[in-house]
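As structure tokens, the structure follows; a few thoughts come after it.
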């Protein structure tokens, strides 16, 4: 009897393989998302530490003593003595070159190695934790029941990260110091990796076949909705789609994101994993609350909080050229910004939807000079000048907007009539650049990318005037297709040059890469003697040392032609070109040679290069600042410590 009883008890304690598998699957499905998040937290902390070390080392080692600079100025790299004290800075420059200046090109896409490595690490982490330890208790490897459900839980755990990376006000930017524009790349990459995992999860469920009754389950229908919405998002977020139909992407993105979040929440709720989804609503809500607070604070006159003043904040529009609109907005109270930052403009009278916002770089500078100083310097530049457009670049908000389709095309139609528009301002956003500690600053722009570099130039000049900046050299390079585009900023550039201290050497170099200068009907008397002397714009890369230059043109533009070039800007093109610091050339600049020369002139000191333009311009600058210009051996021998900031029109 005792033996029979013991046998019954032992039988009741035997666990079937299926039950044991289920227990293991549930345990790992619960634990692995936490492990992935621990890995991601370590990765975020590592990025923050690298940026902090780069900042600290730059501050500690970028500037040698003046005597050291003087002794090294004439020495070549090969003859200079290796200084072991520069080793930390050499390692930092090695990291910068490898991580951010070497790129991989995939058709129209260009990714630096840091972006590639982070994407691959993220992909490897998700797929490793999805497929690792998927052998069942019977010895079967890659058991579908092990990894399919786990993939679903890992997907849910990544939704908050994707949401946070896509918001303008997020904690990851705060921790790492990486601007939201750069994090937006990771937002898209993370979503695309999760997209692959979504279909691995869905395929594992669909492959055995679904019963008709299964589709009656709300949680399954919501899962299908979320998967389909995410798939559509990944398609419309591809760069060709966004470039050709941005407004379509904007509206569709808004709707599809909502469907993904709601569908994922209802789907995971059936398995008690909805706690991974609801933080996404919090991140999105916090971002919107902060933006609403900004809107009310900076546009309070439009909300009836200051009666009668709202009309005064309406923006004026000017069609400078068929492809460029200048929008000028009076500075809202308490609004501060730094050079290179962007603002989102909400224009209900122009946009298709009243809450639609569009980002544009602020082309003006938040000057600390008094209005009297600015107006007097502007008047001294041209005694007959109307100083209002020039003063705007120092005291008001100015945007140079490239005319495309949709919103910008409608804005150009209004600008052609010189109409005004009601604008709600949200911002500023983006990284700030402290250029006061650099001996040399090089600013490179293409087209409307000058909106980014012009404020940096004005900031440097004012910093030197106020004794806050140690900068000694500034090179301002601007590539434009049409010589008439110079009139966008010619007056403010002339004014800035007129107030530049003697201790600061400024060189403005303008390259016309499109229509021939000599053949331009609005710019007679300047340029090549004959059309045959003009190099091919499509193929040649021009070395500035061998290019015909508009140096001190002797002829003055006739008054009627000046009016063609610039309607509301009083400075003639020939007068601007005749300024001592200005040169103008036909063709493309040899950025590699220019950057090498600037680095040689800055031996023993520090140099900042800021570029905003097309993918080709950004790529040329990156290549120009690779080895040996920024190599570790160059730094050890007293070469310039070079920092690079890229704002490129091209993105993945």
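Each residue, glycine too, has its Cβ placed from N, Cα and C.
Of all ranges given (68-85, 86-103, 248-265), TrEMBL attaches the label transmembrane segment to 248-265. Range annotated as transmembrane segment by TrEMBL, chosen from 9-26, 189-206: 189-206.
Looking at 36-57, 278-299, the range annotated in TrEMBL as transmembrane segment turns out to be 36-57. The stretches the transmembrane segment (248-265) and the transmembrane segment (152-177) are in mutual contact, each linked to the other by at least three Cβ pairs under 8 Å (pairs 6 or more apart in sequence).
The list of residues near the transmembrane segment (36-57) in space but at least 6 beyond its ends in sequence, with Cβ under 8 angstroms from a Cβ of it, reads 88-89, 92, 95-96, 118, 121-122, 125-126, 129, 154, 157-158, 161, 172, 175-178.
Remote same-chain residues near the transmembrane segment (189-206) are listed as 115, 118-119, 122-123, 126-127, 130, 144, 147-149, 151-152, 154-155, 158-159, 161-162, 165, 223-224, 227, 230-231, 233-234, 237, 652 (criterion: CB distance under 8 Å, separation of at least six residues from the stretch ends). If one looks beyond the transmembrane segment (218-236) by at least 6 residues along the same chain, the residues whose Cβ comes under 8 Å of a Cβ in the stretch are 191-192, 194-195, 198-199, 202, 242, 248-249, 252-253, 256-257, 259-260, 262-267, 269-270.
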